[in-house]
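The domain 'ABC transmembrane type-2' annotation in TrEMBL covers B:189-413. Among the features that TrEMBL reports, transmembrane segment is placed at B:21-41, B:226-244, B:265-289, B:301-324, B:331-352, B:387-408.
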Amino acid sequence: MSPIVQVEHLGKQYNAPNGPMAVKDVSFEIQKGEIFSLLGPNGAGKTTTISMLSCLLQPTSGTILIDGHSVTKEPKQVKQVIGVVPQDIALYPTMTAQENLLFWGKMYGLSGKHLQDRISKVLTIADLADRANDKVETFSGGMKRRINIAVGLLHDPKVVYFDEPTVGIDPQSRRRILDSIKQLNTHGISVLYTTHYMEEAQELSHKIGIIDHGELIAVGSQEQLTQLVGQHDLVQFEIDPTAANLDATLSALKVINDVDQVTSSPEENLITVQTRNTNAILPQLISQMTETGTPIKSLTIKAPNLESVFLHLTGRALRD
Amino acid sequence: MITKALTIALAYLQTITRNRSFLFQMIVIPLLLTFIIGQAIGGGADELPDPNTKWRMVIANEDTGSLATQLVEYLQSTPRLEVQLVDRAAANAAVASADTGVIGALIIPADFSTKFASDQAVTLDYASFVASVESQYLEQSVDTALGQLSHSLNAADVSADVADELGLFATSDNPTTAQQTYRDDAVERALTAWETNPPVVVEAEQASFQQSDDGVPRGLNQTSPGLLVMFAFFFTIGGGSSLIQERTIGTLQRLMVMPMRKSTILFGKLLGIYIGCLIQIGILVLAGAFLFNVDWGNSPIAMLVFIPVFALNATSLSIMLAALVQTDAQLNSVSTIVVMALAALGGAWWPIEIVPEWMQQLGHALPSAWAMDGFNDIITRGLGLEAVLFEIGVLMAFTVGFFIIGIWRFRYE
């Protein structure tokens, strides 16, 4: 396979020379027919990266080739090859789904029967053919997301960028979106998918890049990435939100032998412990929590996964 | 480029035609204001009466003398009067009701000629149904006719006295009869002279039916173009606001990842605003003319050139303001202040001619004043295209400046 996307030493500094570096020396490749996920928390640099790959932002450094075309030197050719599904619902709400698709299709340079055929095709993919003549403003959040995706597919692109397309939608719509992306991929379309949901990256991706603070800290398949953390399990405690002495609990857990990392997520009432010896220390973990006044509501033990990797590489949970 | 720009423009027009609130504000409200103001001030401004209109009066002439006949003939020859001879009862009945269409009635008593000729007091009865401009005109016409008769009699008396002093009648067999004959002949000559050789002739010409005495627009002449200018600015700035909204919801960024230039996107958006503004002005002008009898001047060509120039200026202002603010909310706040200032200082609310000189100069630092000057030249002063070329030039200069700032400063992301 040859790469459809080649990114080398990509950097972006806003308000150069003194502004913050949003993306630092990022390099990766996406092979034709591959789904590549950029996984990272909010503010990690995912959208900035995708904006540079979409010709929306000029890189401060590095090169980007899409299907062999440079985004800085041949943006017109690049735009013909890529489909972009932005994070925002970039549609005209007072127009119908059909009118939106007609408008955006014309913007891609499509016309006539070919455009009508493509509209029918993407409406089928979005599973919204029966709502084609309804105004977008009457759609649910999930339906809007699906039309948003359909617009990005109108011109039959070789690679499609999805920028967090499942944010803020219901589980059923999320499932439809993930399934439609997998279906697209079976037709040979390459995908760049950004998300901060580990489960989505795990389910979709052939390859995953973990990005944090603008840096790509690991790239590989899920198996390759989890090998980075060895046999470390994640033990997650759901705690009572009224826990009086959370800091004392965290301190007590950190000093237990074979505990590698301890993080907390007060918003989700979660304490996460990373350990390679779950069975041996589990009683100790429970007793320390009880003694320090943090009641446990539930307990989950997870085998090594991308969250473990992120925790291992950054010392922070993906949700932080 | 043109096809995509047109598609973008049409999409904008499609979205605003579905925005009922926006349409209400931009079309219905100015028309409502035109209607209300029209009702308040009684329609068109400074309307002069139609010179072809005839006012009906009736005369009951009970005198068989020559002076009474002369008086009637004079009134019959008055251009604006349609005189009908009736008896006294019919004359009184004619002005008893407005339904007859008779403006006034004159009754000439049987002893009018005798008394008038001998310089005795004589009473003419003049009556009208209501006091009005028309009845005043009739009254003045009667006064003028009596004045002419009186002056003719005086002239004849003076002439007869001089002839008597010169002894012209002394050799006559009957000097008294000769003098009376001479006097009657002199009266006839004097009356004829009023018609054939009047001492003073005033030629009145109606230069323009819209022109007020001082060239200052009044009534709907002022408010109609004023409302048009103000609401056109509101419309285009609303278009600028939609540009910022598109940046906020992400459609502008999505357009930028399509295979076309940024200039095509902006051109398409501005074209939509411009066409929309032209449509808005077209509706206001046509609806004003046909629904409220607003007159838009004597030169359609001047209007057809001036309106597109003004609409382009308003469009350029929209992109400049959209470029200078950060958010839609900011633009909404700024737009109200800007449009109010443009309208007030530019003469859209009241004639700029009535404000102090320094305020007129301040107003002419804004495009709205030049727009109003142009509309006033065309509408109020009844002038043509050549008269507004300077205003067109100034507006275009503003337009170029606004576009340069707007395109230079506009942020797509």
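Positions of Cβ are set from backbone N, Cα and C atoms, glycine also.
Counting Cβ pairs under 8 Å that are 6 or more residues apart, the transmembrane segment (B:21-41) and the transmembrane segment (B:301-324) reach fewer than 3 and are not in contact. When each of the listed stretches B:226-244, B:265-289, B:301-324, B:387-408 is scored by C-beta pairs under 8 angstroms to the transmembrane segment (B:331-352), B:226-244 comes out highest. Remote same-chain residues near the transmembrane segment (B:265-289) are listed as 1, 4-13, 16, 26-27, 30-31, 34, 220, 224, 227-228, 231-232, 235-236, 239-240, 242-243, 246, 252, 255-256, 295-296, 303, 307-308, 310-312, 314-315, 318-319, 407, 410, 412 (criterion: CB distance under 8 Å, separation of at least six residues from the stretch ends).
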